[in-house]
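Listed in TrEMBL:
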type	residues	note
DOMAIN	B:22-244	domain 'MacB-like periplasmic core'
DOMAIN	B:285-398	domain 'ABC3 transporter permease C-terminal'
TRANSMEM	B:21-42	transmembrane segment
TRANSMEM	B:278-305	transmembrane segment
TRANSMEM	B:326-350	transmembrane segment
TRANSMEM	B:370-388	transmembrane segment
Amino acid sequence: MLPAPTLAAAPPASPARPMVQLHGITKTYQMGDVTVRALRGIDLDVPPGQLLAIMGASGSGKSTLMNIIGCLDVATSGEYLLDGQNVERLSRDQLAGLRNRQLGFVFQSYNLMARTSAFDNVELPLLYAGGRSATERRTRVLAALAAVGLADRAASLPNQLSGGQQQRVAIARALINDPVLILADEPTGNLDSRTSVEVMGIFQRLNAERGITVIVVTHEEDIASFADRTLVFRDGLAVADTLATAKRDAGQVLAALPVVGK
Amino acid sequence: MNLFNLLKITYRSLGKNKTRAFLTMLGIVIGVGAVIAMLAIGNGTRQNIQQQIAGLGTNVIIVTPDATNQGGVRQEVGGAVTLTQADADALPGAGPAVRYASPLVRATVQVLAAGHNWRTTAYGAYPSYFDIRDLALQAGTRFTTRDEQVAAKVCVVGPTVATALFGTTDVVGQQVRVGSIPFRIVGVLVAKGQSGAGQDQDDQLLAPFSTVQKRLLAGTSVRAILLSAQTEARIPEATAGISQRLRQRHRLAPGAPDDFAVHTQTDISNAAGSVTGALTVLLASIAGISLLVGGIGIMNIMLVSVTERTREIGIRLAIGATGTDVLLQFLLEAVVLSVAGGVLGIGLGWGLARVAAHALHWEITVSPSSVGLAFAFSSAIGVFFGWYPARKAAHMNPIDALHYE
């Protein structure tokens, strides 16, 4: 088979190629007369398969960075390569395509469609992706719900589910198109500690079993301790970058926690 | 994204807000319903009037004096004496297309019988008038040519007159006094009801021409000459013959204007048709305005719903909907609402037309073309008024939309 003509700029495909590459990323907002410098030059490489925690006080710029990595926002200056692809030159619709197929989002407030069943919520990105039959979609949705332990709640509406269950539906939705990167913005912010550990357990499992890169924004040391690496933000700059020496296993932590009753 | 998936998304979205969807549709339902009903009622009115005109008789031609040009003095139309009984008698000779001819005079009279008093219109004409006007009798006989020759004091009355005087229509052989002259009733007309102009066609008295002219009016004028053509197709031929004959008799120089006017049923029906046509346009435009208001209602609700659903739009954009996906979804929601509203409106309009038909005792039918028009118009309204809100939704910034409270 003849090799396909390769793009001159395409980097060599090697395991070393970072999933996320940021060079000198800045972001400034104009709020009336005041110029807010949310990010003041970020350089960051996230290797594929890493579980990265980003910590920082509110206003430190961590959410702004998440939005840029998630292709929801564009940096004022700097270079961003997602899985080797420069996203700066992509159109609005191409960015939407990236979000749909390469990325998965998990939010603090779950952001499920109201009055819409768990099944329909999880199916939605598949409908936007197109190209799959109804049977195929059904199989995938049920598999994604099973992966987060909600196989029996497909027909439930968000208001019939607990916070933890809603967040798990949101994770299933993020998983449905086999993303390479999951971005979770304070995913445990509204959850009690046991459910928080459960959610982090799901992230650890997806990370270990499927090799999905996961970036979690949090302000809890506890949550960050489940990650491979922790980045600390202050005033728009990364002030600390540490690899975990004693990464906790959510499964073990959960087993040690007292059962409060179901 | 394919269209089927889009339909699925739209269907789910509308299904979540049934009340809002229904209220949005209501404007279109009423608008389309009004257009359908108004067009049906307008058409019904026209058909009804045309029927009344047809009720004038078969192939009727009416000649009236046209006094607008006599000796340079403008006179009241119909008030001149340019038409005479001799003219009427000469007109059957105007050509083979003319079947009957009768002069007509009219008098408003007071009729007395059995202590009752009734004011009505007396018409004097030849017995052939019954043929020209298609007047049928429910009892008795017409007056005869012999009655005409001797100016006999006989009459035929309409059911309204008979009932007003005697309380019954069984009045053949009864005596009535018309003014101070005693008449004998020889026949009673079949009831015809109201004319298109709201006149009671049963409130009349018919007597021989000579009787009315000599005994009641004591004049020589003829109000009109009524004729009928052999067939409808021969009306133009008959009209031409009548004009030629009358010009000859009145010794009008070539180029001089006619001193009479010839009307056919077609003329009258055309005149009435243009009036009812204008009426239909008026009704339809009022209904059209309500359809427009319904469309603006859809835009209004869609705009509000774009704001209300900002967060939902943010979620859709975050999980990979393109601007086009969002635009098409909102556009499709508007189109589905207006088309569904259009379908319900057609039902409503049909129902209203049925009610109107029942109340007015007219035949009112909803024409397929008005259904098609209303349907096409309501779909177009969906696209037109759905476009702006949909564009607004599609151009939202995903982050702002996600963080919208």
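Every residue, even glycine, has its Cβ placed from backbone N, Cα and C.
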Worksheet item: Any residues 6+ beyond the ends of the transmembrane segment (B:21-42) with a Cβ under 8 Å from its own?
Response: 14, 276, 279-280, 283-284, 286-288, 290-298, 301-302, 337-338, 340-342, 344-353, 356, 364-367, 370-371, 373-375, 377-378, 381
Worksheet item: Mind checking how the domain 'ABC3 transporter permease C-terminal' (B:285-398) divides into helix, strand and coil residues in DSSP?
Response: 99 helix, 0 strand, 15 coil
Item to complete: Please work out the mean pLDDT for the residues of the domain 'MacB-like periplasmic core' (B:22-244).
Response: 84
Worksheet item: Under an 8 Å Cβ to Cβ limit, what residues of the same chain, 6 or more beyond the ends of the transmembrane segment (B:370-388), are close to it?
Response: 28, 31-32, 35-36, 39-40, 291-292, 294-296, 298-299, 302-303, 330-331, 333-339, 341-343, 345-346, 349
Worksheet, complete the sentence: Long-range Cβ contacts under 8 Å made by the transmembrane segment (B:278-305), restricted to residues 6 or more beyond its ends, are 20, 23-24, 26-32, 34-35, 37-39, 41-43, 45-46, 330, 333-334, 337-338, 341, 374, 377-378, 381-382, 384-386, 388-390, 392
